[in-house]
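Novice: Quick one: this structure, given as structure tokens, is what I'll be asking you about.
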Amino acid sequence: MGKIVRVTGPLVVADEMRGSRMYEVVRVGELGLIGEIIRLEGDKAVIQVYEETAGIKPGEPVMGTGASLSVELGPGLLTSIYDGIQRPLEILRSQSGDFIGRGLTAPALSRDKKWHFTPKVKVGDKVVGGDIIGVVPETSIIEHKIMIPPEIEGEIIEIVGEGDYTIEEVIAKVKAPNGEIKEVRMYQRWPVRMKRPYKQKLPPEVPLVTGQRTIDTFFPQAKGGTAAIPGPFGSGKTVTQHQLAKWSDAEVVVYIGCGERGNEMTDVLEEFPKLKDPRTGKPLMERTVLIANTSNMPVAAREASIYTGITIAEYFRDMGYNVALMADSTSRWAEALREISGRLEEMPGEEGYPAYLASKVAEFYERAGRVRTLGSDDRIGSVSVIGAVSPPGGDLSDPVVQNTLRVVKVFWALDADLARRRHFPAINWLTSYSLYVDSIKDWWQNNVDPEWKAMRDEAMALLQKESELEEIVRIVGPDALPEREKAILLVARMLREDYLQQDAFHEVDTYCLPKKQVTMMRVILNFYRHTMRAIDAGIPVEEIAKLPVREEIGRMKYNPNIEEIAVLMEKTKEQFEELFKKYGE
């Protein structure tokens, strides 16, 4: 027990704290606000408080809890809405109304709800950390696997039968090799700043299919990969994040609203329960954990929210699921680091951010990955991290953007000019990149189409060529170009408008199957080849642009039938043959 000697915003300095540990959770002041020790000097402790500190004064007590900041992991996580330190917001609302009272806490997982547990092991079985001892149908989509905590191994000496139990009840007892008996419950606690262990990290060879053509075709994200979406205000970061949360083929989605506006979290809360998961037809909320830490909540909790989210994601990864984690936005988290660092009177780095910003950012993204999990069976799980970055004024030389780009492998650059032209998703195809293209091309070629990589490269080359020609067009106008180059501009425009542009609010176009993506690209590139043949035969581009099939190609993205789209190849051929006849005469 100690007492407060100084309060500066979210930072509190307390005296007489000998015996405390770094990152220990403490209760500050008469109200018992939740805080965490972030620095120890002699018997003084510097505490970062996760709630509003107004009204706290020197002399008030500080109580240590002896535990580090931990999350509860067990049945009941899915469909929940937490704040940055895993307090369940719906329960806090029933206790204190729409605004959270200070010093309030509630258990993250319900202690009264009974879950139907089915055991998967029997007495006498040998188990190690990570082994699945039973399953609970948590939602109609996700089966929650109850695992032995990583630090326990030995022989099962007691296991309950199939039935309904609360998470507090002991469901198994394990006799360790030293004779000690360990009790296993349905939930475990885990410190958020510590990675959950695994056997082996695997290369990212499987794409995270998102149904967004720009992303899947040109700048793919791998399962277990890391991606950043930087962009100025209004360029569509949050809508892109929502699209990925809705349609990516991960089994579990963890969405962290970190320092963003409250209405953006409200959007998620209103939309997700109504939206259906394309694979199961059930509401999307049933596979989602939401962490709402909006901009009007205390700054310090932003830092915790990122770690809380990734720890929950790692827990589902350990069950063998593919998890997608959206962090919106990591800039707000970095700003929280900057504020705390400033109040600690540390030496500032670039733009006032702390000098350790790079290592903090790397530490967070490093927890992504595709892994072989702990346990005697061979499970593979992954955590894919997609972080939005909102630099002031859309400036990509911002330290947060630069430090993020050092560690992530996919960069989706959102462009305000494209957004103003109503081109969504506003991902700039000239500045974005993905370093996973070569590692996942085998998956595309074996499962979707053997020509995927060649077609992607050809389409990309056309778009690059268009940007070179744009310079000339600005100076001399399009009419001065030779016919071949006019044809390149025509086809590149088709690629942009009929392929890259995608309507997030159209029931068909919001999600595009990999097979449909490849078919659409083949139709456009087939049109390009016929166009080049026609130009060589002396047919002017104006005539080609008038072909009726062009309009049908423009509408193909709204057609759910892949066979009907493939028919356009034949139609293109027929209409070009008619052109050849007309000009041949």
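Cβ atoms here come from the backbone N, Cα and C positions, even for glycine.
Positions annotated as ATP binding site by Swiss-Prot: GLY231, PRO232, PHE233, GLY234, SER235, GLY236, LYS237, THR238.
Please situate the listed features within the shown structure.
Specialist: Its Cβ taken as reference, GLY236 (ATP binding site) is surrounded by 22 other Cβ atoms within 10 Å in the chains shown.
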Novice: Taking the mean position of the Cβ atoms of GLY231, PRO232, PHE233, GLY234, SER235, GLY236, LYS237, THR238 as the ATP site, which residues outside that list, in the same chain, have a Cβ no more than 8 Å away, listed in sequence order?
Specialist: SER390, GLY394, LEU414, ALA416, ALA419, ALA426
Novice: Looking only at DSSP and grouping its letters into three states, which state does THR238 (ATP binding site) belong to?
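Specialist: Reduced to three states, the DSSP call for THR238 (ATP binding site) is helix.
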Novice: Among the binding-site residues listed here, GLY231, PRO232, GLY234, whose Cβ has the fewest other Cβ atoms inside 10 Å?
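Specialist: Minimum Cβ neighbour count within 10 Å, taken over the binding-site residues GLY231, PRO232, GLY234, occurs at GLY234.
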Novice: Within 10 Å of the Cβ of PHE233 (ATP binding site), how many other Cβ atoms can you find? Include all protein chains, please.
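Specialist: So the Cβ neighbour count for PHE233 (ATP binding site) comes to 11.
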Novice: Give the three-state DSSP assignment (helix, strand or coil) for PRO232 (ATP binding site).
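Specialist: Going by the DSSP assignment, PRO232 (ATP binding site) belongs to neither helix nor strand, so it counts as coil.
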Novice: Out of SER235, THR238, which has the highest number of nearby Cβ atoms, where nearby means within 10 Å of its Cβ, if these are the binding-site residues?
Specialist: SER235
